[in-house]
């Protein structure tokens with residue numbers, strides 16, 4: 001996203017990423033990046049690294065709170081995390097996830113939830129799952145002046161209905177992904193996440209839509225990429241998603257540091273004279 005500098009210029013603060021910058025990036029053919037973040041520490045690091053947007057995802061249910069799925073996550077649990085990220089992000093665009101059960105019953109419930117996130121957290125947009133089935137909710141939120149990021153393909157909040165973590169859009173299912181993408185765009189979303197969608201289907205959607213597409217396991221032919229940060233940083237236990245390249249192994253680094261601390265305390269090496277008053 002060349003139109004928004006990733007490093008702070010001589011002025012006191014860097015220029016904030018806005019929805020128009022994602023649209024400009026699509027039109028210019030420059031790809032942008034997003035990461036999940038759930039706290040001030042990682043938000044500051046990713047912001048300073050030049051990541052364009054930070055998603056405070058309901059994936060915090062797994063990565064922060066220890067739930068097996070995202071379904072138990074509540075609005076009350078997610079709001080403090082979103083607030084922490086928004087405080088730290090000086091440049092990055094902050095998106096708040098709407099958790100399961102906070103928007104499905106209709107447009108008015110969706111608007112109430114979105115307004116609460118915007119008023120209480122400092123987020124710049126909200127994200128919700130679903131294509132055609134969520135179009136009215138998206139439209140109602142957008143009409144109230146709140147930017148919405150859509151999310152189609154594999155939608156984790158619907159994993160039981162989808163039969164598990166399965167790629168969406170294969171074979172005849174491709175047309176449903178395309179229809180969902182157009183429904184999200186027509187409802188007024190400024191961008192749409194395509195999760196676990198075949199690369200050729202994601203490419204078709206990207207070519208057909210005017211708004212930017214964001215891939216999560218959707219191949220290279222999209223406008224931006226999004227990853228859960230614990231996946232690429234080596235913190236995920238068990239099977240790491242195929243689409244998540246591991247850029248670091250921070251779990252081993254922290255484990256070794258904790259062991260060194262334990263051993264030095266046990267042996268009397270720490271604290272030494274230099275750590276004492």
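Glycine residues also receive a Cβ, built from the backbone N, Cα and C atoms like all the rest.
It should be emphasised that the depicted structure is a prediction, and the values quoted were computed from it without experimental measurement.
Site annotation (Swiss-Prot, ligand Mg(2+)) includes 58, 129; from 97, 179, 180, 200, the additional listed residue is 97. In the three-state DSSP reading, residue 195 (active site, proton acceptor) counts as strand. According to its DSSP assignment, residue 97 (3-methyl-2-oxobutanoate binding site) is in a strand.
In the structure shown, across all protein chains, 58 is the one of the recorded positions 58, 129, 195 with the greatest number of other Cβ atoms within 10 Å. For the 3-methyl-2-oxobutanoate site, the Cβ centre of 58, 59, 97, 127 serves as reference, and the other residues of the chain with Cβ at most 8 Å from it are 36, 55, 56, 57, 60, 70, 73, 78, 96, 98, 99. Each residue contributes its Cα atom, and for residue 97 (3-methyl-2-oxobutanoate binding site) and residue 195 (active site, proton acceptor) those atoms are 15 Å apart.
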